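S.K.: Found this in Swiss-Prot, in case it helps:
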{"type": "BINDING", "residues": "106, 109, 147, 172", "note": "Zn(2+) 2 binding site"}
{"type": "COMPBIAS", "residues": "156-166", "note": "compositional bias 'Basic and acidic residues'"}
{"type": "BINDING", "residues": "495, 497, 499", "note": "Mg(2+) binding site"}
{"type": "REGION", "residues": "785-795", "note": "region 'Alpha-amanitin binding'"}
{"type": "REGION", "residues": "829-841", "note": "region 'Bridging helix'"}
{"type": "REGION", "residues": "1544-1813", "note": "region 'C-terminal domain (CTD)'"}
{"type": "REPEAT", "residues": "1565-1571", "note": "repeat '4'"}
{"type": "REPEAT", "residues": "1572-1578", "note": "repeat '5'"}
{"type": "REPEAT", "residues": "1614-1620", "note": "repeat '11'"}
{"type": "REPEAT", "residues": "1642-1648", "note": "repeat '15'"}
{"type": "REPEAT", "residues": "1677-1683", "note": "repeat '20'"}
{"type": "REPEAT", "residues": "1684-1690", "note": "repeat '21'"}
{"type": "REPEAT", "residues": "1691-1697", "note": "repeat '22'"}
{"type": "REPEAT", "residues": "1719-1725", "note": "repeat '26'"}
{"type": "COMPBIAS", "residues": "1727-1745", "note": "compositional bias 'Polar residues'"}
{"type": "REPEAT", "residues": "1739-1745", "note": "repeat '29'"}
{"type": "REPEAT", "residues": "1759-1765", "note": "repeat '31'"}
{"type": "REPEAT", "residues": "1773-1779", "note": "repeat '33'"}
{"type": "REPEAT", "residues": "1807-1813", "note": "repeat '37'"}
{"type": "COMPBIAS", "residues": "1818-1839", "note": "compositional bias 'Basic and acidic residues'"}
């Protein structure tokens, strides 16, 4: 905070827009404070004047003040200097931009080269984005070689003949050089034009000349560009002219930016930037000197280059092709660029993420005895962190105590560290000596230590999802670690092996409210990621739950009673035991009956439930049945208590609420842990030992496996193995061995598992689900199994072995890493080694994966961080682009979604009819579920039948739509909001529905109710066509579920709901549906990114070829995810899934035909061998094998081939028969292809398809006739033939589609919806390909183009377009994520897909995608390419409107997200019901401030006269709509805090000088009371009517009749000296207590209660109901309270009736009743702004500390009765005069708004109205006393 401005509690105004630009040389000079001339920093130990550490630039030394702003080191921000460069220099960041501009304009006259009429130029003008526009213009200009328009004069004649002369560009005709950049130079190349008549020989010298362009030359070109041209080029001449991109003046950053470090007492070590600047200054001086001395050009250019180099490296020291500037040590200097860049740079390291105060970090330890939303905090932390609490009447006592304890409270207590006064002064309680300094007033802030129950944020890095930061309530505990409940570890992903976690203490009410409402642990139990809970019962508690709920668990009385003690809600009633004789015993299930909430119904199965067991209660007790909160049957295990979808925790959270779920998790732990403690559980080595028979079985299994492997090896070596499709023989062998060995391990394991007894402790843990799995048991007991590296068996490391002592090429199990021992038996050394290899790979994988997924997550978050739900329900980003019209297409929040079953989908037609259709036409139809009269209606009334027919046909169309459009895969469970089935079950239980009785509902009612309900379930309100359509789409799926579940026949027949139960269900569905809608302001982009990124961290990095997944290998896991979101051009395993037409897909043969047609077959793939022979006689041959077929071929030659033309060289190709058959090729086909390809250049003969060997013989045909030159030719022929051979093998396609390298056939199950029988599944054949060529494949006639798809996104967008690619993207993401069994809710994936596709092209989630958006430069630069983006932003003068998250975080503002997205308004209606605040008398200790003796002017009678009602009772102040802080129940004591009482805010309309409330003529001065009229003598301070001795206060007030005994002037309470009379007591004004915490009104002896105040008389005019004197804050205004009767003798101020216990305080006092007039709508007292922080006095340039309420303070001189402000004749009081009359001695000094305290001249620094300790009369008082006080000072004339 800058000390030059007075303290202000007001909020700092928000930055609305950030404008980027380039500083012009003039601006740099103007904003600088000095011209830096010297490169030295210090001289004789002092900063050198004019040097780099000049004190005018700002100070970095605590002892030195800044010369410019006179602030100290902490406050001075630093001031820039500047350096005049000897020559202009290039700015390295703008080189490329300057080059582009130079290429666009004429080198000579700076006009744009392109013609404005040109088409390209016009295109460019349409582009808004300046950077792209420049690119386009450059495009238009790049071919121009000269500046058009100059030569027009020469060709004037030609124009006359042409069409009218084109408007000349006015160019200069100069030839344009070709510009390039080399390093730091710009180079211009001129092409020298030869004149036509020149002889070519005459110019021997080169026809080009190069010249280096200095920045000065470029600058002169850029300076000439006109402003209009700048705009055309996309620059903004106001903020960034092109010529400013060249440095003429270098700004010198102040020392605070480049601080130096003290090495020892004398020497300082300077920052890199300082060194670099010193170099620049030095070289600049050198250059200047050389120019002055007139050095030769080449020397000057060398010096220029050197300076240019230093300036460049000062900006960016990582330039490509430039040497690094280094320090003496050889370390490269850190340039400005590298300060901004990267993770630790300014943007990401200091703006996006900073270190914060009020945080703590320590190790975590478990504590199952605290609640899940609690956090044990060490005392050492609690006594160090603070929370600022504002002093209010309610907490002042407590805070006083804390302040007394101070920073080092006694053991077991917390204290406070600081007091912050209302003027911003901070008192450190460590150093406060006097107790008077600790004095608290309302409105002060106390920074108190943390207390039990404070809310904090708790976090564990890496914060991968929303639940990594949650809110906890703290509980201070001994020792030094955070204590955490065990159930909360899963969302944090924490364990207690030394993890540390961070705690942050929120520092304001708003933050605490958000923590409490949005982030508390119970609110986070259900996560939107997979719409399931993320917390459940874990570890020993889970094990205990399994053990305690077993059937044979009984609990003794003593244990059960002790267990009850852990139950918080225990009411002393012990539940009845299950067994009474021989002694009372309780079952373990009864413990759960205590803690499951009563409205819960649940039906689930245990993890080990076998489908064969059926019935209500299964033999294995595996069916968990909870009804009405009672566990009736079933053993609880991880499936019920864990984090699965629909688990008990989930149901409790959804049905009863977060708090119930919290209690359940807590109670389960406490009760079960206590029982487990009594019961005990242990596990030892004995639990892993299997019995001897099992061991024999295991050994047998393993030896069998070994035999099988030996067998495989024999087959493999004998080449007898059949290769599997798509695999080589070796792959096949490895795969088979792996299968055999894995099966052996599993079999051994399962036999071991079966042998373990029910009592086995290891098994207990596995079945409960608390630790371990089936595979762990089998590895411990039976056999560890095969060790893999990279998904294969351990490879041969060297020389055909894995380890040296195995034989060569040993493929046996032992040698290749099969561990046959169990952990129990121990591993042999080589087994141990292989096991270590496998384990090491896992570690490496994890380490590599972490960084990969971390980067993916960061990119996802940056791409989607600004996507949120707006108030119209649409999903948009910060630019306002619509990403989705409804979140997840249905507008539901993922948290409230559950998986529900669509019953009608799987039903056969007959079942469907039985469930939904009334058989009305059947004669004998006599249903048991309808009452007789309803049945008559159904049979008799025609209209009713139409209703039911309509219902039935709707259900039928629903079912058809589900089967054909929605759930095409036949899956009947879908995530939908509102679990209807469970609501029905709850209703049956709540309303005690008897399933044997008939329902009293008429079926028509049900149909109507459901129809009406559907109309009420609005997601998109509005009745225009679009809204209606959108609403229909959004709710279609849910309505289908609703209609089929609440079909009238089902309600009557299945659920038997009574009318009231049915209505309850309907109501419940409606309210739950609306609750499930997503909240506007929700940042779903971030949630989506986290929901995708978090499962990615759990994925495996390299996915191996899983044994038997499929023949084709697909990339999965992280690499595939990376490919998808990077939109990779070349993916690792491109592949098509080709579906065939029904005919082709029926049989394998059909599929085989298509496979052959698609697979790209080259000659090579069917060739066995090729040979080149010299075979001189074409008609015969020297190869015996071929002799026969050649002769027979030429016996009947096809065409006339002259043998002499045939080359003697022969290419002989032997084809592979199997492949030919497989590919369905014939010899003739191949020969035909060859002839087509090579025409008559080759001759080709082949043998029969059935011959033993298939041979092709190919020879070259030579055109030359006779073999005259035989020798030479044949030499070339064989070479040529070899070339042809290789070409043929690779290039020649025999058939198939290019790029489709392999095609595999596989059989898949296909489910198809069938009207009659529900879903039918059938097998069909389909093809998988390696390689992609979607377009060509889809053209094949047997391929089904609708289903065929590719995994290559770019191909899909090219072939099928953007909508198709969105769907493909979704499916691909689905595949990757669900591959290892994860599930992510659809809406998150949808947000990602829509983000990537909504622009109409695929936006990769990389810097090339995200940063090419039109978001603000600040947001883009926080991702990647920081410096480039900022430089571009400056060059093109971009603006950032700060609409995103990142930008606001950088500026430290509240981003428009979540709660920051809306404005808050006050509900005036609610205020009428606010509760009045009765202040207790807590002020005794502060009375000293009040005694008249201490009040400097209290003795004068006039002073007492000041009580005159004109001042106190006039309702004027209440007219101010803003001035109601007076009433808010809160403010009672805050009145002294400038931040609390808007009533005084200078901007309050009530204070405007013209406000009628202040003009004495204002009717507000109740006309019935002459005492208020300005002409009334009562105004004159000497008026006897007001003199304290006057018997009557106001002639019109009957209750003042002088005869009233208690008013008699002799009444003791009247004595003017009575302290209780101290006129300064503001309690006389109806606004009273709210204004003065020090008011005696709070002390029991206070006169505030004395009847002398007219305000107490019930008949007093000031009581009129509109009169504010009903101040709710005044404790004693109840007119009917007995103690107020005017005649009541108990009025003496000392009367006990005033003690705070006085009945007057009783809340039943009518003044609390809402009918009390003070609650009337006219009562301004409840105003929105009440306790808010109104800026009130804060702006006054004068003494900041005087709170606006000060006029009441007894010590304040304002009260001096001589002050003219009280006399109507005072000029400053004249009613017509605005209060700011120039004669007002003070107002001149302050701007009108500030006047309330203008009177307090700034020389009153220590004056605090209530602290008499510091009070000294200053000039201010003297003026007051002399009567020159300005009216505007006191409330009356207050502006």
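From the backbone N, Cα and C atoms, a Cβ is placed for every residue, glycine too.
Since the structure is predicted, the reported quantities are computational estimates derived from the model, not experimental observations.
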S.K.: Within 10 angstroms of the C-beta of residue 147 (Zn(2+) 2 binding site), what count of other C-beta atoms is obtained when all protein chains are considered?
M.R.: 24
S.K.: I need the nearest neighbour of residue 495 (Mg(2+) binding site) among the binding-site residues 106, 109, 147, 172, using C-alpha distances.
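M.R.: It is 106, whose Cα lies nearest.
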S.K.: Rounded to a whole number, how many Å is the Cα of residue 106 (Zn(2+) 2 binding site) away from the Cα of residue 497 (Mg(2+) binding site)?
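M.R.: Counting only the Cα atoms, the answer is 71 Å.
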S.K.: Return only the integer: C-alpha distance in Å from residue 109 (Zn(2+) 2 binding site) to residue 497 (Mg(2+) binding site).
M.R.: 74
S.K.: Could you find out if DSSP has residue 147 (Zn(2+) 2 binding site) as helix, strand or coil?
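M.R.: Assignment for residue 147 (Zn(2+) 2 binding site) reads coil.
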S.K.: Using a 10 Å cut-off on CB atoms, tell me which of the binding-site residues 495, 497, 499 is the least crowded.
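M.R.: With the binding-site residues 495, 497, 499, fewest surrounding Cβ atoms within 10 Å: 497.
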S.K.: Sorry to bug you, but what's the C-alpha spacing from residue 172 (Zn(2+) 2 binding site) to residue 497 (Mg(2+) binding site), rounded to the closest Å?
M.R.: 79
S.K.: Using the alpha carbons only, what distance in Å do you get between residue 147 (Zn(2+) 2 binding site) and residue 499 (Mg(2+) binding site) once rounded?
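M.R.: Between the Cα atoms of residue 147 (Zn(2+) 2 binding site) and residue 499 (Mg(2+) binding site), the distance comes to 71 Å.
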S.K.: If you draw a 10 Å sphere around the Cβ of residue 106 (Zn(2+) 2 binding site), how many other Cβ atoms fall inside it, taking every protein chain shown into account?
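M.R.: So the number of other Cβ atoms within 10 Å of residue 106 (Zn(2+) 2 binding site) is 27.
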S.K.: May I ask for the distance between residue 172 (Zn(2+) 2 binding site) and residue 499 (Mg(2+) binding site), taken between their Cα atoms and rounded to an integer number of Å?
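M.R.: Rounded to a whole number, the Cα-Cα distance is 74 Å.
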S.K.: DSSP says what for the region 'Bridging helix' (829-841): how many helix, strand, coil residues?
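M.R.: Residue counts for the region 'Bridging helix' (829-841) by secondary structure: 13 helix, 0 strand, 0 coil.
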S.K.: So around the Mg(2+) site, 495, 497, 499 aside, which residues have their CB within 8 A of the centroid of those CB atoms?
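M.R.: Close Cβ neighbours, site residues excluded: 364, 494, 496, 498.
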S.K.: For the repeat '29' (1739-1745), provide the mean pLDDT of the predicted model.
M.R.: 39
S.K.: Across all the protein chains here, work out how many other Cβ atoms are within 10 Å of the Cβ of residue 109 (Zn(2+) 2 binding site).
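M.R.: Here the count is 18.
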S.K.: When a 10 Å sphere is centred on the Cβ of residue 172 (Zn(2+) 2 binding site), how many other Cβ atoms does it contain?
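M.R.: Taking every protein chain into account, the count is 16.
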S.K.: Tell me the coarse DSSP state (helix, strand, coil) of residue 499 (Mg(2+) binding site).
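M.R.: The three-state answer is coil.
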S.K.: Could you put numbers on the helix, strand and coil content of the region 'Alpha-amanitin binding' (785-795), residue by residue per DSSP?
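M.R.: So the region 'Alpha-amanitin binding' (785-795) is made up of 0 helix, 6 strand, 5 coil.
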